Amino acid sequence: MGIHIKRWCFIILVASAAYILRDSFDPETLANTRVLVTGASTGIGEEIAYHYARAGAKLVLTARREHALQEVKSRCLELGAKNVFLVVADMASHNAREQVVAEALSALGGLDYLVLNHIGWTPFKMWDGDVNHTRWLMEVNFLSYIHLATAALPYLTQSKGSIIVLSSLTAKTPIPYTTSYAASKFALEGFFSSLRHELTMQNNPVSITLCILGLIDTQSAMEKIKDKITMSAYPASDAALAVVSAGAGRQREMYYPWFVRPLCFFRDWFPQHRDWFIQRMYHYNS
């Protein structure tokens, strides 16, 4: 019995490695595609915009900071984007979400990719009972994603397009210091996985790609974790390329970096050992 289990584990790991390492992404397939990227002024969202720009896509970029968006726009045009339009918006506002989709459709004449990347500010600390912040974070990290996807879905259906959702390892395997953030990502996982079922049952051509990311070296992430974590962070540009590639390939899920997939796969096999291992990667001084 033990031999069979080990054999199947080996087969699964080999198959996963082959799946991860395959490289079938052709950037030319994204030329002239119409793309809306949220949270595009910095971090992974900024890098995602640059990868689409290199492929010659038409972009609508949205975030709260206009000056930062203008800088990203200039760089996108240098890299080869066909057009770049900006929408300054705060995703905590219900009206702003509808405005973003409406302006994107007006500027682009339709939509092929909706990339949901924005997040609300989240302190990296132990749970302190701040329910109000959690409520606000769910509004920005979860409900705004639903609002945007719902508004864009009829137009993505017309184009047989894709929804790309930036998620996190915390949506699969909870980690310390991220209680409210993890709750919002778990909610995203549940909603969009269920929506994928429903679209398939309705023969709707829209694909949904959930991007499960580990620790990425964005400025905001590095500032928050400081001396609280021992694991290495991975490049935002590489993570962004993996996101764009997975979306173009209409993958159900994408995991980056590579070890996130097996970590999620084995999460329920040895939960106590998993938790022990995770907790040893974090520092806590009471």
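Even glycines carry a Cβ here, placed using N, Cα and C.
Per Swiss-Prot, the features are as follows:
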SIGNAL    1-17  signal peptide
BINDING   39-65, 90-91, 117-119, 181-185, 214-220  NADP(+) binding site
BINDING   SER168  substrate binding site
ACT_SITE  TYR181  active site, proton acceptor
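Where Swiss-Prot records a feature, it is marked here on the structure.
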{"residue": "GLY39", "record": "NADP(+) binding site", "DSSP class": "coil"}
{"residue": "GLY45", "record": "NADP(+) binding site", "DSSP class": "helix"}
{"residue": "HIS51", "record": "NADP(+) binding site", "DSSP class": "helix"}
{"residue": "ALA57", "record": "NADP(+) binding site", "DSSP class": "coil"}
{"residue": "ALA63", "record": "NADP(+) binding site", "DSSP class": "strand"}
{"residue": "HIS118", "record": "NADP(+) binding site", "DSSP class": "coil"}
{"residue": "SER168", "record": "substrate binding site", "DSSP class": "strand"}
{"residue": "TYR181", "record": "active site, proton acceptor", "DSSP class": "helix"}
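When the binding-site residues ALA57, ALA63 are compared by the number of other CB atoms within 10 angstroms of each CB, ALA63 has the fewest. Long-range Cβ neighbours of HIS118 (NADP(+) binding site) (same chain, at least 6 residues apart, Cβ-Cβ under 8 Å): THR38, GLY39, GLY45, THR62, ALA63, MET91, VAL140, SER144. For the binding-site residues HIS51, LYS185, the greatest number of Cβ atoms within 10 Å around a candidate Cβ is found at LYS185. Under 8 Å, Cβ to Cβ, and six or more positions away along its own chain, the residue listed as 'active site, proton acceptor' finds ILE119, THR122, LEU137, ASN141, SER168, THR170. Of all Cβ atoms in the protein chains displayed, 23 besides its own lie within 10 Å of the Cβ of GLY39 (NADP(+) binding site). All protein chains considered, the CB of SER168 (substrate binding site) has 25 other CB atoms within 10 Å.
Cβ neighbours within 10 Å of GLY45 (NADP(+) binding site), excluding its own Cβ and spanning all shown chains: 27.
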